[in-house]
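The structure appears below as structure tokens.
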Amino acid sequence: MPQRADTLIEARWIVPMTARDLVLEQHALVIQGGLIAAICPIEEARREWDCAETIKLPEHVLLPGFVNAHTHVAMTLFRGMADDLPLMDWLQNHIWPAEQRLVDRDFVRAGTRLACAEMIRNGTTCFNDMYFFPRETAETASDMGLRASIGHVIIDVPTRYAANAGEYLAKAEEMQATFQALPRISSMLAPHAPYTVSDDTLKQVLALAERLDLPLHMHIHETAAEVAQSVEKYGMRPLARLDQLGILSPRLLAIHMTQLTDEEIALCAARGVSIGHCPQSNHKLASGAAPIAALQGAGVGLALGTDGAASNNDLDMLAEMQSAALLAKGASADASVLPAWDALAMATLGGAQAIGIGDRAGSLAVGKMADCIAINLDHPATQPVFNVVSQIVYAAGRDQVTDVWVEGERLLASSSFTRIDWPALRQEVQDWRDRIRGK
Ligand SMILES: CSC[C@H]1O[C@@H](n2cnc3c(O)ncnc32)[C@H](O)[C@@H]1O
Ligand SMILES: [Zn+2]
């Protein structure tokens, strides 16, 4: 007797990311109650499973959804507002003044809706965010059906969100119950950066993270100027200071890390720190390049992120993988560095592990959540197919993503949104553009 299930997806290829270089041909994935119930040859699945719906993907590859390990999703509303500037000029003279004028609950809801639409369209099923008004980000992401890890921002700068460190921390603690009740949402504490958070505040952040058992998400060693300023102010580099404070641990996802000595790479490995690599943002802001080959060699856990759409300028993980692979090869003058498989691992399982959900997401395995995407390789850009993973990383474009499931729910079906009214959302975003211009 066949077993009953919700959905049968029959695919030309499945790349489950459960074993290196494993590509299954003519296999099916069975979904029951949002979880993966089976992955087996198509004929066997048809015999053994009685599913309410069957989806055929004859020229597609099915793989885990992308996990974007570093975003500021609401900043989609600032996309293209300040380009071609170095980090500190961009932040201090453009982004922070605009945030002080404009960022409120409504801004964050609208920007998050736009980001979720962009991410669903490009195959991202989960993102790890850091921004003001995290409750609004969390509620909106949950409404749109995406999985998200939402950072409670902490910064020693008064903003429209909170007046001081005490208030940022109190809000983080208050919101725990709300976040736990939201489907598909988990949370982190997100101290902004070593140059905006004092020692005293960092001690309180760590104490709260330990008490609530939350991971940490922080921009670290983004530019040479950040490191030089720390040496001048504290007599040590940011990583040494964070280590003295006890911040370096498996709890920490450190974003950027473009400035690292060999000793610091060994320290990250020894402390179990994960790194969120954002190659496009780092290059657009001319911040530097994270030493990916050396970090991989040292066994540091690596994830991939886009950063915000004001410094990237998109949330496209396919493009980010390609950039990561090409830039790592260029930086090390070694074409074997960061092969396609490793770039894809950073964009899927690596990201899920770095945000603490690797046991439930990031790869396609029985019992894990059915967070998966289909990419149609029947396209002039991705033919002929000798190597599926090569096509995904080096050749496919985001418009080739046709289907997206999060916990078994189909959010993109044959390239159309199932939950999003795009004309209405586009109008909302254009109204925001007019308001931003007016101010
Ligand atoms: C306090 S919420 C997050 C804060 O970070 C700013 N931001 C965006 N991108 C970067 C980056 O690459 N480095 C440092 N800070 C960044 C964002 O505008 C918010 O103010
Ligand atoms: Zn960032």
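Positions of Cβ are set from backbone N, Cα and C atoms, glycine also.
Predicted, not measured: the structure shown is a model, and the values here were computed from it.
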Candidate from HIS219, HIS221 that TrEMBL assigns to the same Zn(2+) site as HIS70, HIS72, ASP307:
HIS219
For HIS70 (Zn(2+) binding site), list the number of other Cβ atoms lying within 10 Å of its Cβ atom.
27
Find, for the listed binding-site residues HIS72, HIS192, HIS219, the residue with the lowest Cβ contact count at a 10 Å cut-off, counting only other Cβ atoms.
HIS192
Between the Cα atoms of ASP307 (Zn(2+) binding site) and GLU222 (substrate binding site), what distance do you get, rounded to the nearest Å?
12
Got a sec? Which of GLU99, HIS192, GLU222, the binding-site residues, have CB under 6 Å of any ligand 2 atom?
none
Write out, in the order they occur in the sequence, the residues of the chain not among HIS70, HIS72, HIS219, ASP307 that have a C-beta within 8 Å of the mean position of the C-beta atoms of the recorded Zn(2+) site.
THR71, MET130, ILE255, HIS256, GLY276, CYS278, SER281, GLY305, GLY308, SER311
